[in-house]
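> Copied straight from TrEMBL:
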| type | residues | note |
| --- | --- | --- |
| DOMAIN | 127-435 | domain 'Phosphofructokinase' |
| BINDING | 135, 198, 199, 223, 224, 225, 226 | ATP binding site |
| BINDING | 224 | Mg(2+) binding site |
| SITE | 225 | site 'Important for substrate specificity' |
| ACT_SITE | 254 | active site, proton acceptor |
């Protein structure tokens, strides 16, 4: 381990990779006017997560000055380049008033993303591959564009290729040469120009394709399934001792990838969901005893439903996978909606696609069904809930007017171009990935951690999940906006 002391250069020798690093972080709280009355607060040592590097299994890699220094248009300022001791803490919240809250274990940190003073690839010899996998997501074309432009303009790479049809394209399709002129307007288009697919994953065949085409940099854009696939490709590359750097750029509108603050496409999805909620509200408000029902994306997490509910303020009830709900009985969904219809004459319900899957009746065959990515096939909770609502009303209020308008905007949301916030985010992700790969790092994902961009090992991202914490303030805000029941079923 390398011990870092303030004021001492801890940069490892050229040619070596930085493994696990311990840093002693002490905050003299008494010296601050904000904590005059408190004792000194000492944080435990910080453990820097090891980041794979090509030098870990390959000897004699070149160490070259970064082409950024030779740019005629940009002159780096002092502090521009990121060093091996620049880190980002994964957890940053502490309660200084409680001794019990003082962390007893080591704090986890990651390498900070950004340009390095030296690179391990000769730009003129680089052959970079870009692939998009899985479902559509706003921002895919932006990431592709920014990877191409960043490699071309920042580092002078001229051999950049797009791999069509997802992972299977490495062994079944001809790579498409890319350049800045070709991708210039791609950020204004939805979908992925490279085309994508699910399934078709075969690590050995993919690595054989990488070798066949002479690729030495691979940029994989996709969700959690794509990241798990990238881990297997990385492991196969390491076993074969190939000079190939692979990185993942996390994409999912569900925002279900852990560790990072958010994945690209999420902000656009929340914005577009407003249109569906607004339409549902108009339909419900214009009917006698009208209910507007909107199903939003979110297989295992309810982030889109949660944020769309908070943004809209027209939602009466938000149902997410992390919070079980029930229909009948005291403080069940039906009783709540009955009260809301009596009060307002209408109601709007937002449900994430993964909510309620355990209470929807299904056959044994349906329970075993998987999609091409290996995920369980979900039944349509929106269609089921619409039917249950109608049956309930006919049973409890026979002869009375009642309308349910069901809106599923899934494919409308997935197919739109990224909004301004996601476009900016995609640019930062792409450039951060390029800097890491050119520096020789491999088997990593780039993303914001507590607002700062870092490099995270692929293995960690592949198994991490970003679930809605129903005990935190954000879910409490939803409850305060909707005044919906907690569905704890303690009254039955």
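Yeah, the Cβs are placed from backbone N, Cα and C, and that goes for glycine too.
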> Determine the C-alpha span of the ATP site listed in the record, that is the greatest distance between any two of 135, 198, 199, 223, 224, 225, 226, in Å to the nearest whole number.
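Max Cα-Cα spread across the ATP binders: 13 Å.
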> Across the domain 'Phosphofructokinase' (127-435), what is the average pLDDT of the model, as a whole number?
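Summing pLDDT over the domain 'Phosphofructokinase' (127-435) and dividing by its length gives 95.
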> Which residues in the same chain, at least 6 apart in sequence, have a Cβ under 8 Å from the Cβ of residue 223 (ATP binding site)?
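Long-range Cβ contacts: 133, 134, 135, 137, 250, 251, 252, 254, 256, 257, 263.
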> Inside 10 Å of the Cβ of the residue listed as 'active site, proton acceptor', count up the other Cβ atoms and send me the figure.
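Taking all protein chains shown, the residue listed as 'active site, proton acceptor' has 26 Cβ neighbours within 10 Å.
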> Fewest other Cβ atoms within 10 Å: which of the binding-site residues 135, 198, 199 wins that one? Let me know.
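Output over binding-site residues 135, 198, 199: least Cβ neighbours within 10 Å is 199.
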> Only counting partners 6 or more residues apart, tell me which same-chain residues put their Cβ under 8 Å from the Cβ of residue 226 (ATP binding site).
133, 134, 167, 220, 248, 251
